[in-house]
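Engineer: Please read through the structure below; I'll follow up with questions.
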């Protein structure tokens, strides 16, 4: 009989004592879920509902509700994500601009919104309007001059410090789990590890509120995740990316590729639905007008040429190298933060990093503004209408062509100075992101890496463009770049660079390309994006196999068995199982014959998560496996509820009570907490197979037998330690069970 | 539905309905639509930007660019280079969202100030020193990841409403304290 039938209470009269024990089947915090058990319980629940649904209309309705409840949850998640995304977008926009000035007519408008109805008409004044005033203008009445500049500088830094201080205090007081990007933790939770409170409402609230503060104090946006069950969480991740970047399909693929451990078709459908609802909600809220769902919309459709693949591949190499550098440096810095005194002062650290960043960022106009705006500007091509310095090309005043077909032009002085500033901004961003990712406030990685890539790409693009203009007669340019034709689009290089850097850091492939072309709307440019993504992944993988999220998982010692690793060593199950030679023998329970007192002593003396149950100590034939937590709860419940159960009572796991003399106290039946189908392998099973079994089934532990006799046990932690050992990493870094 | 699903339902419906109601109750004020035409420099006319509150079908160069800076046959050439975009926004949504956000932030900050500064002072004054020591004690368990569950089960006797709230708050504070220890002090989770 399987344990599921037992739980249904099918049995004889003696089972009247078998009412369900409260809390049995739940998990301790920071322990691993046993997926097989969860799956069988879920199937059980379904079967019970399905059988009951034939009894009455009410039961039928309840079964319908149960079937629909999954979709309803997805709908709610989509609504919530979309709403939160709208709120965050608006609040971030407003607070970022708050650092520089304020709108006098209505304080809740950002710069762009404040000047929406202005009547300024000349090109020079397009960004100014009387309702929006910088702080220096408000306080002293001056707009230009050293005094005003210093005042603006000072206020910018102070606002940034204030925001980050608020963010870190809120996180510290209300929801310490809201720190960081959360993706490593989500990956681990999805693979079956329990972190109680991580997905709580306080964490969500604080993450939302402080994310706005954190973004406006210079850091960057990322996706939101919330959900409870595994499938719900995967779908929520998809919905999050969908609204954060306006990339619904990319969100689903991101969830599939990066976040989820187990992604069957059902989860795919659900995630798709959730992403759809989220995108729809955000669109209907429409915070910005323009129905702007796409973050970095590019409006050009100029073709690219085969010869341009060379610089694209070079950008891919740059992305891979930067990814490696970033991962190594960030992990080293985080490790130092974890182990030394530096980590004792998180608030101070956040304030110091913010202060330094703000101080260094203000002078350079490319770093002063928000990173999303920077990326937007870098992605965009220079039509005749752009006013930024980057588009300060020397125009031919007698030109009569329409706007879209501007031929190659030599760069004006503005472009050269912009190039210098961009190069400085690049170095600044590379260095600063290493220190900011992992700090004790919510922060993310997508936008900073895209910014680094976009800057590098734009620089390369402008270089190629100018080379093409000044050297039309070179062989490479001769075929596709006639004088007077528009050959090179620097904005495209920026896009490719952004994709390369993001791919180098996270090692995403398909989802990256889809997110990029959904972000920009540039369907013509899929091939360059793919080329860059592939190159950067190859280059980065040559130096280290892990992306940033896997590296953080490893740093924190979460028990995450990665599906992407391959195990190719020729060890056997006996080499990994416990107890090893020289260790105390396995702690087992016998089918009958142990007293309650013995069991309690066993629980107190050891800290194993479960105990195998054998027929007897001589024969050692395996009956089943019982979890520690279930034992504790069952015994406690028995002592409270059942009369006659004392310390000398015999504990039995068989169907019928053992024959005992009448003078013995009442025996305790614990068959319902016994798992009668524990997974077993023989001692000569190769570890390759064992690792595969653990991965595919999501096991927590596995028993090792020889000729039916129990030899030992392999837990997930043992498997992870063994893999770490085989890869020459520190096996003691795996901390959790 | 479980408690989680219920609170999720409630929260998201409230948010969505609120924002949707703003959309519908606010009539589209004429301020919220515009047509923006950007015209680059042409011959000796400087670059200009024109804004007007017109609807989508009237959003083109001829309706928006007033007064037309060029004459007669140049108008077509000039207009060809102009780029006109129709934009709309919802000022009501922006206003309500920012105000809601600021009020939530303000409430959280006030609550934070209360928790960190005022509550110990008040407690000390009302209950004396001994209670404070007892509630600060790390209840027994030195195990890193203890459930607040077990601790909680001991004090089930009170039934008063205020005591229940107090109770829930104590439990939540303990959980946050555990989280804080894991994250900030021992650096066990979240680097």
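Heads up, the Cβ atoms here are built off N, Cα and C, so glycines get one too.
Features from TrEMBL:
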type: TRANSMEM; residues: A:68-88; note: transmembrane segment
type: TRANSMEM; residues: A:153-178; note: transmembrane segment
type: TRANSMEM; residues: A:199-220; note: transmembrane segment
type: TRANSMEM; residues: A:232-256; note: transmembrane segment
type: TRANSMEM; residues: A:268-285; note: transmembrane segment
type: TRANSMEM; residues: A:305-327; note: transmembrane segment
type: TRANSMEM; residues: A:347-366; note: transmembrane segment
type: TRANSMEM; residues: A:418-438; note: transmembrane segment
type: TRANSMEM; residues: A:445-464; note: transmembrane segment
type: TRANSMEM; residues: A:492-517; note: transmembrane segment
type: DOMAIN; residues: A:577-641; note: domain 'CBS'
type: DOMAIN; residues: A:674-732; note: domain 'CBS'
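Distances, neighbours, how buried they are, the whole picture for these features please.
Structural biologist: Beyond its flanks by at least six residues, the transmembrane segment (A:305-327) meets 430, 433-434, 449, 452-453, 456-457, 460-461, 464, 476-477, 479-481, 487-488, 493, 496-497, 499-507, 528, 531-544, 546-548, 551 of its own chain at Cβ-Cβ distances under 8 Å.
Outside the transmembrane segment (A:418-438) by six or more residues, the chain places 180-181, 219, 322, 325-326, 329-330, 333-334, 337, 353, 356-357, 360-361, 364-367, 374, 388-390, 392, 445, 448-449, 451-452, 455-456, 458-459, 462, 548, 552 with a CB less than 8 A from a CB of the stretch.
Residues 181, 219-223, 244-245, 308, 311, 314-315, 318-319, 322-323, 326, 366, 371-372, 374-375, 378-379, 390, 411, 415, 419, 422-423, 425-426, 429-430, 433, 436-437, 488-502, 504-506, 548 of the same chain, all 6+ positions outside the transmembrane segment (A:445-464), place their C-beta atoms under 8 angstroms from a C-beta of that stretch.
Taking the domain 'CBS' (A:577-641) as a whole, pLDDT averages 85 in the prediction.
Across the domain 'CBS' (A:674-732), DSSP assigns 24 helix, 19 strand, 16 coil.
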Engineer: Can at least 3 Cβ pairs under 8 A be found between the transmembrane segment (A:268-285) and the transmembrane segment (A:68-88), with each pair 6 or more apart in sequence?
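Structural biologist: Per Cβ check, the transmembrane segment (A:268-285) touches the transmembrane segment (A:68-88).
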Engineer: So which of A:68-88, A:347-366, A:492-517 is most in touch with the transmembrane segment (A:153-178), counting Cβ pairs under 8 Å?
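Structural biologist: Counting Cβ pairs under 8 Å, the winner is A:347-366.
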Engineer: What residues in the same chain, six or more past the boundaries of the transmembrane segment (A:347-366), come closer than 8 Å to it by Cβ-Cβ distance?
Structural biologist: 152-153, 156-157, 160-161, 163-165, 167-169, 172, 217-218, 337, 374, 389, 418, 421-422, 424-425, 428, 432, 435-436, 439-441, 455
